[in-house]
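So TrEMBL lists these for the protein:
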- 10-150: domain 'EamA' (DOMAIN)
- 192-330: domain 'EamA' (DOMAIN)
- 72-90: transmembrane segment (TRANSMEM)
- 102-122: transmembrane segment (TRANSMEM)
- 134-153: transmembrane segment (TRANSMEM)
- 190-210: transmembrane segment (TRANSMEM)
- 222-243: transmembrane segment (TRANSMEM)
- 255-275: transmembrane segment (TRANSMEM)
- 287-308: transmembrane segment (TRANSMEM)
- 314-332: transmembrane segment (TRANSMEM)
Amino acid sequence: MGRWEDYKPVMAMIGLQFTYAAVALSSRSVLLQGMSPRVFVVYRQAIATLVLAPIAYFSQRKKPGTALGMRSFSLIFTASLIGVTLNQNIYFEGLYLTSSSIASAMGNLLPAITFLLAALIGLEKVDIRSLSTLAKIVGTVICVSGAFCIAFMKGPKLLNTEFTPQQQDQNSIIFHYFNSSMTVGSPNNWMLGCFLLLGSCVCWSFWLILQVPMSASYPNHLCLSAWMCFFATLQSAVVTYFLEPNPNSWRLHSSFELICALYSGVIGSAFSFFVQAWCISLRGPLFSAMFNPLCTVIVTILACLFLHEELYTGSLAGAIAVVAGLYIVLWGKAKDFKKMQTTTYSSNNDDDSKKVVKIVIPESFDEEIVCRIDLQQPLLQSEHD
């Protein structure tokens, strides 16, 4: 029974990677069919809000006492703006201009970019003499180099013929503003999409950094997620209102678009939150991040089979470099975590192993006897002594 309990988080994370892969493929599919990326973000966050809000409300009633103050409101609003609204809008633009496999591969940059930003801000301790710090620096360099390899060195084509969306110029707002220097199917689209995906990782890294003060200010994580989805819905709706002047852009043209929006909101946002939080609570964030490359493999295989996406040698080499750099960064983080645990355990032992016990014996002695007792030794002697 214990062995089955140990396998549960592994099975959950594997299933979650298939879920993420399905979200990436279905999102890419509806975008290719003509759905606006910005409208898709609004529907996704609105559906996630409708799912999380009732659950958060009833859980808040059972544990009252967490109020949304001005500081919490500001942090949640900023995190929603950067980590959800801006992040998902440029992510889906990048997904639309490149491919599902490239978008999934670029997502593996997240730990390296987070380490870089945290080091620049001062939240991450950088010690050049430490092997773990060197591993994180080398892994970050490899990840970024792989990302640039994906963007600039496509190389010979391995699989499938070129597949270009017919309505790309109408649906991509970035393409619309730069269409004077770009043509449909040009390499500039690919490069721009890669940089948008890189910008999405930067936004997501800022969101992860904001989690520290935000969780301290508002410790109810379920309500926190519901508030972020709600604010992201409002923010995305305002952005889409100004960028999509045509009211027909909000219309769902097929049941497939509705199903994809529901799946992305319910499973991709609400359900995945519970599974991710449960796995992290049992095994930690490093365990969760180790499974991210599996999603890249799944998306690459299924995208080539069902969406007929192109696969290039340069992009494949860059994706492999990103995954290799990811594991090097995770190895460095694991060394830091192990060292921190060892230091904490040693300090606890030093504090608890020796205690000063004050013994006062009346009538027999007139002075107080102070004895230092080593708690690592047995308090009671055996009968054979």
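Quick reminder: no glycine exception, Cβ is built from N, Cα and C everywhere.
Automatic, uncurated: that is what TrEMBL annotation is.
What does the local environment look like for each feature on the list?
Counted with DSSP, the domain 'EamA' (10-150) comes out as 119 helix, 0 strand, 22 coil.
When DSSP labels each residue, the domain 'EamA' (192-330) comes out as 120 helix, 2 strand, 17 coil, counted as helix, strand and coil in that order.
Here the transmembrane segment (72-90) has Cβ contacts under 8 Å with residues 37-38, 41, 44-45, 196-197, 199-200, 203-204, 206-208, 210-211, 213-214, 217-218, 224, 227-229, 231-232, 235-236, 239 of the same chain, all six or more residues outside its ends.
Sequence-distant contacts of the transmembrane segment (190-210) (same chain, six or more residues past either end, CB-CB distance under 8 Å): 75, 78-79, 82-84, 86-88, 90-91, 93-98, 102-103, 106-107, 109-110, 113-114, 117-118, 121, 123, 147, 150-152, 154, 174, 178, 182.
If one looks beyond the transmembrane segment (222-243) by at least 6 residues along the same chain, the residues whose Cβ comes under 8 Å of a Cβ in the stretch are 36, 38-39, 41-42, 45-46, 48-49, 52-53, 55-56, 59-60, 66, 68, 76-77, 79-81, 83-85, 88-89, 173, 214-215, 249, 269, 273.
Within the same chain, residues 12-13, 15-16, 19-20, 22-23, 26-27, 29-30, 33, 35, 40, 43-48, 50-52, 225, 229 sit at least 6 positions outside the transmembrane segment (255-275) and bring their C-beta atoms closer than 8 Å to a C-beta of that stretch.
Listed by sequence, the residues of this chain that lie at least six past the ends of the transmembrane segment (287-308) yet keep a Cβ under 8 A from its Cβ atoms are 9, 13-14, 16-18, 20-21, 24-25, 28-29, 32, 99-101, 103-105, 107-108, 110-111, 159-161, 163, 276, 279-280, 319, 323, 326-327, 330.
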Limited to the domain 'EamA' (192-330), I'd like the whole-number average of pLDDT.
85
